[in-house]
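Features of the protein shown, as given by TrEMBL:
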type    : residues                                          : note
DOMAIN  : 9-226                                             : domain 'ATP-grasp'
BINDING : Lys45, Gly52, Arg53, Gly54, Glu98, Val101, Glu106 : ATP binding site
BINDING : Asn198, Asp212                                    : Mg(2+) binding site
BINDING : Asn263, Gly320, Ile321, Met322                    : substrate binding site
Amino acid sequence: MNIHEYQAKEILSSFGIPVPRGRVALTSDQVERAAKEMGGRCVVKAQIYAGGRGKAGGVKLVHHPEQAQELGKDLFTRKLVTPQTGPEGLRVRRILVEEAVEIAREFYLSITLDRESSRYCLIASAEGGVEIEEVAQKSPEKIHMLTIDPFTGLRPYQARKIALALGLAGSVCEDCVELILNLYRLCLEKDCYLVEINPLVVTRAGWLMAMDAKINFDDNAMFRHREYPDMLDYSQLDTLEINAGKYDLSYIKLQGNIGCMVNGAGLAMATLDVLKEFGGEPANFLDVGGGATREKVAEAFKIILQDSDVKGVFVNIFGGIMRCDVIAQGIIEAASEVHCALPIVVRMDGSKVEEGKKLLLDSGLNVQIGENLGDGAARIVQMLGQK
Ligand code: ADP
Ligand code: MG
């Protein structure tokens, strides 16, 4: 789960990590007032669930409150497109107005879960402010990494080694050690998947400060943090993904035109692979869950059809827990409700499969039955005239 920069900074601050003074604004008038409060000269930062804002005009230094208001107006009325948002961009609903800090040096610092070692991994670089992937590619020697042993935790000497590798000395080095240890504590206590400070800066006056912050919570730990969902900004999420979440469906939009409805994540992955194999392009990943009910199947079908890119639907259901005839009814109900005339291919197996197939073939829908996964994939691709 993602949160905004200003929320991440509030959390950093509560763990003793210094951040610039700032205020969140929801209107351009509030941007102006916040800018006045900061003394006129300030940094106006669009809050979106993506980085790369600086280069895209989403982070700007302004010199007067009126200038801040103008910029606020502009940001609130258009979508911000950055290298991380995709071409459609994201709406800006909140703006962070911050004191302008005199920066002497910029660093990169993050802690993330390394799937390979199943441990937290600390990453630091003196090349901050830019894309870390770029640094990793061009000059990997400038990146310092440390895998953290969960039993010993992060030790001060390890944090000091990182601070020294960043070229820090004296009191700033000791401040950095404390900051790194606090960051690790935050990661553990808040169950983060990623905490990234880019850039971490040393100000002209010689203080360390987190100038940008990104936090991702681990969704699997949500049950331990009931307050997290309240932090979500729904304007930043795909509406279909939000709806899918309500019905406990795993839905991820993809780029193709074949809507896919499958039960079980493994089967869903295999379905996408086989579709691709036959020259089809899936429009989504959708797992209705092992015990797919008629209601869930109907909702899933509606979600798929709300995507205007979808030109045909491939249903691949194994009726182990749920009977095939019940699933067929769910599909028929949903398809009739939304007047679906798109080609549909259903491949199903399990209990009451013959009854299910008969219901579908008698339904009047533009539907074909796939005898097996390969046959089903070939049929939907052929019905759409692909390949
Ligand atoms: P993004 O990573 O999305 O581009 P950042 O918050 O990192 O956005 O901002 C981009 C750059 O703007 C930073 O690398 C930093 O140099 C500068 N910056 C951001 N906030 C401030 C601030 N409060 N004062 C001065 N400079 C800032
Ligand atoms: Mg940044």
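Note: Cβ is positioned from N, Cα and C throughout, glycine not excepted.
Annotated features, which come from TrEMBL, shown on the structure.
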residue: Lys45; record: ATP binding site; Cβ contacts under 8 Å, 6 or more apart: Glu5, Arg53, Gly58, Val59, Ile95, Leu96, Val97, Glu98
residue: Gly52; record: ATP binding site; Cβ contacts under 8 Å, 6 or more apart: Thr82, Pro83, Gln84, Thr85, Glu131
residue: Gly54; record: ATP binding site; Cβ contacts under 8 Å, 6 or more apart: none
residue: Glu106; record: ATP binding site; Cβ contacts under 8 Å, 6 or more apart: Gly128, Gly129, Pro199, Leu200, Val201, Met211
residue: Asn198; record: Mg(2+) binding site; Cβ contacts under 8 Å, 6 or more apart: Gly51, Tyr108, Leu109, Ser110, Gly128, Gly129, Ile132, Asp212, Lys214
Averaged over the whole of the domain 'ATP-grasp' (9-226), what is the pLDDT? 95
Among Val101, Ile321, the one of these binding-site residues whose Cβ has the fewest neighbouring Cβ atoms within 10 Å: Ile321
Asp212 (Mg(2+) binding site) CB neighbourhood, other CB atoms within 10 A: 22
Taking the Cβ of Arg53 (ATP binding site) as the centre, count every other Cβ atom within 10 Å, in any protein chain shown. 24
CA pair Met322 (substrate binding site) / Val101 (ATP binding site), Å rounded to integer, equals 60
Rounded Cα-Cα span from Val101 (ATP binding site) to Asn263 (substrate binding site), Å: 52
Return the members of Glu98, Glu106, Asn198, Asp212 (the binding-site residues) with CB less than 6 angstroms from at least one atom of ligand 2, or none. Asn198, Asp212
Sequence-ordered binding-site residues from Gly54, Val101, Met322 with Cβ under 6 Å of an atom of ligand 1: Gly54, Val101
To the nearest Å, how far is the Cα of Val101 (ATP binding site) from the Cα of Gly320 (substrate binding site)? 61
